[in-house]
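Take a look at the structure set out below.
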């Protein structure tokens, strides 16, 4: 089997390159088998506009998050009920949209904040890291976005999963009763397990997606269209979803246990599940999870790239820096 190919621009002859290479047209991408990861050298880099990148990311991330959550919420509900069921418990297929409104109130700012942090962090890190370590820049940016978004995601996830398992029937009641029974920390139940699942998930998914896009652009020698971005997003999401399913099961059990505190942390949760239900219980819900995240990755990245492109087209072109008069 062929080893991984790296992608790089030939920068040594940049001074003799035609104008289209200086403008970074994708047909000038070249395959380089001496480097492990996909890499991009930008040559003369465009000025980095942090605030524009941040706000474009916020808008694109919020839009993509709301679209994918609304479309796939029933699959997520089934997955949660499968994971929360102990032993041979029957799965309730009623109320598959339970908690959607309250969840969207959290998904919108969380997705917006994630991409708002990810995009400028990615661009900054790509400028800092050697060009053959672009994968590390994508991994790090994904983790930073995940940490920022977790401050919103975790309370949203706790409320959503308590409603999906029919513990509460409205988001305001869920928040009020969770705080009254468990304190404010109840809204952050399973926070460490959430980070254990979501930080690797965000980092791996976005790294796979970005690296596959670089490789495909190099092979196609052009910019990718929305269906192509969607297919790559589906593959990245499905693969990452399968890998992180055991972490998702642990997070679900810790978040839905309520004040009973059946589990005394992550390791105790793993030990209890394996002892009482067998190791296969750590893969509960893998089918709907892979389906949900695969389709979700397709929708999310398709909408994300489309929205980013739309926003970039509405921005005026950057003004060229005035050349300094050598006689002055």
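Backbone N, Cα and C atoms are what each Cβ position is placed from, and that goes for glycine too.
Keep in mind that TrEMBL annotations are predicted by a computer and have not been checked by a curator.
Annotation comment: TrEMBL describes 52-124 (among others) as repeat 'Solcar'.
What TrEMBL records for 54-75 (among others) is transmembrane segment.
If you look at the transmembrane segment (96-115), the same-chain residues 6 or more away from its ends with a CB under 8 A from one of its CBs are 57-62, 64-66, 69-70, 73-74, 77-78, 145-146, 148-149, 152-153, 155-157, 159-160, 162-164, 166, 169-172, 174, 202, 304. Residues annotated as transmembrane segment in TrEMBL: 96-115 (among others).
The annotation repeat 'Solcar' is assigned in TrEMBL to 133-215 (among others).
The annotation transmembrane segment is assigned in TrEMBL to 135-154 (among others). Through the fold, the transmembrane segment (135-154) approaches residues 37-38, 106, 109-111, 113-115, 117-119, 121-122, 125-126, 128-129, 187-188, 190-191, 194-195, 198-199, 201-207, 210-211 of its own chain, all at least 6 residues removed from its boundaries and within a Cβ separation under 8 Å.
If you look up TrEMBL, you'll see 224-310 (among others) marked as repeat 'Solcar'.
Averaged over the repeat 'Solcar' (133-215), the predicted model reaches a pLDDT of 89. Each residue of the repeat 'Solcar' (224-310) gets a DSSP state, and the totals for helix, strand and coil are 75 helix, 0 strand, 12 coil.
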